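Trainee: The transmembrane segment feature in TrEMBL is assigned to 15-32, 39-57, 69-88, 95-114, 126-151, 186-204, 211-233.
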Amino acid sequence: MNLDYQTMIRLMSQFIWPMVRIGGLMLTVPVLSSALLPARIKILFVFTLSCVCFTYVPHNLSFENFNGLYLVYLIQELLLGLLMGFVLQIVFQVFILGGQIISMQAGLGFAVMVDPTSNASVPLISQLYLMVTTLIFLALNGHLAILETLIESFRIMPIGKSSLDPSIIWSTIMFSGWMFKEAVLISIPAILSLLIVSLSFGVMARVAPQLNLFSLGFPITLLMGFVIIKIGLPTVGTEMVESIKHGIQFITGILR
């Protein structure tokens, strides 16, 4: 079977259009955008999903007639993919930020390690929360849910037939404010508990000035921090489940 130039261009167009949206998602979505995942696997993954979604591409969007409007469509597809992944990235950042606040209050702010998924330095507690969040995300089939939402997005927001509403971007910006609220709510029990510990040290310093609170305060604060984290981990785990579900529901909501 001989393929002429026009046929090849049309076939390439059928793959490139969905590939842009899928590639944007792969750049930002947690787990799948991890630096631990080889680039070849990511490329193969994007290509495979493009093969699945190429039927959603209108036949009139061939690059034979490429013009400035097509460039706008490509940018729109890339932004939509980036936006979907960015929302879930916000959900994961909730627990990184919450862990950082707890680490600072518990005297563990100096204990940082390199996150292998992003090559960024994060506090020890943040890394613990991030690992638990990732495991819960996979256990809830969150990766499958986001892929299902991605494929469904080609039906809800067809390529070239719908524009990226500015209200979607504004809703995402407002959603990032939710990140700070949730991070504070996660860390409030630890903040209040460690504040009580600090107040106790202040009272002890007034009652018994001969005590060397500088040598006692740090290990006790550190120990109390670990105890509070251990006690609060089940509650944080429940919050992780709800936050992941909320993030996926938000993505579905902005698409509709």
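Here, residue 1 is simply the first one shown, and the rest follow in order.
Backbone N, Cα and C define each Cβ position, glycine as well.
Note that TrEMBL annotation is computational and uncurated.
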Trainee: Please figure out which one of 15-32, 39-57, 69-88, 95-114, 186-204 racks up the most CB pairs under 8 Å against the transmembrane segment (211-233).
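Mentor: The stretch with the most contacts is 186-204.
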Trainee: Sequence gap of 6 or more, Cβ distance under 8 Å, 3 or more pairs: do the transmembrane segment (186-204) and the transmembrane segment (39-57) meet that?
Mentor: no
